[in-house]
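Now, the feature entries from TrEMBL:
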BINDING   12, 13, 14, 15, 16, 17, 41, 93, 94, 95, 96, 177, 178, 179  ATP binding site
BINDING   16, 41, 93  Mg(2+) binding site
ACT_SITE  32  active site
BINDING   36  substrate binding site
């Protein structure tokens, strides 16, 4: 088991909670190479799962897309300078979605391709998720990334699930409820219910 790269169809949809649950389930280490905003997803995953977590390569204070947050900090992101830890299993979490810019030439998609782990796509069940999820799957396939599957977060929506599986040709591996409060106990329950990983 090598691990997974966790990406999403949007920001703030549950990538960090899914990453923490995968760390708990797989007894994996955690790595978020690029962090933007004042919060620390690395600290959150450590607190929830107890996983060993590598520090981010880049951490910028502004809650913006990576290229904008880096620019505001007077810095730049060079994906080729991001060295992925060799420790396995490893869960790597992206920032934002696959098409978010890292700099003037590179997207998050380029970093996902560079890292080479199977991809887990986290998608909400809100209206619009079919389009967002299918576009994300298409972008990943166009550059040859291996997609492991999709995790739905929110109220169950069998119509969007069926459409994503049919048109996206990938299984929705797990339906995770939106948790009003994320605790280690709640995460333990979620991790125990996750299948297909």
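Note: Cβ is positioned from N, Cα and C throughout, glycine not excepted.
On a predicted model such as this, the values are computed, not experimentally measured, just so you know.
Within 10 Å of residue 32 (active site), counting CA to CA, the binding-site residues 12, 94, 178 contribute 94. The binding-site residues listed here (12, 16, 93, 94, 178) include no residue with a Cα within 10 A of the Cα of the residue listed as 'substrate binding site'.
Here residue 93 (Mg(2+) binding site) is positioned 7 angstrom away from residue 16 (ATP binding site), judged by their C-alpha atoms. Distance from the CA of residue 41 (ATP binding site) to the CA of residue 93 (Mg(2+) binding site) is 9 Å. Sorted by the number of other CB atoms within 10 A, the binding-site residues 41, 93 start with 41, the lowest. Following the DSSP three-state reduction, the secondary structure of residue 14 (ATP binding site) is coil.
Of all the binding-site residues listed (16, 36), 36 sits in the most crowded Cβ setting, with the most other Cβ atoms within 10 Å.
Less than 8 angstroms from the CB of residue 94 (ATP binding site) sit 5, 6, 7, 8, 15, 32, 34, 108, 111, 112, each of them six or more residues away in the same chain. Binding residues for ATP (12, 13, 14, 15, 16, 17, 41, 93, 94, 95, 96, 177, 178, 179) extend across at most 21 Å, taking the greatest CA-CA distance. Long-range C-beta contacts of residue 14 (ATP binding site), restricted to its own chain and to partners at least six residues apart, with a cutoff below 8 Å, comprise 8, 122, 124, 151, 153, 176, 178.
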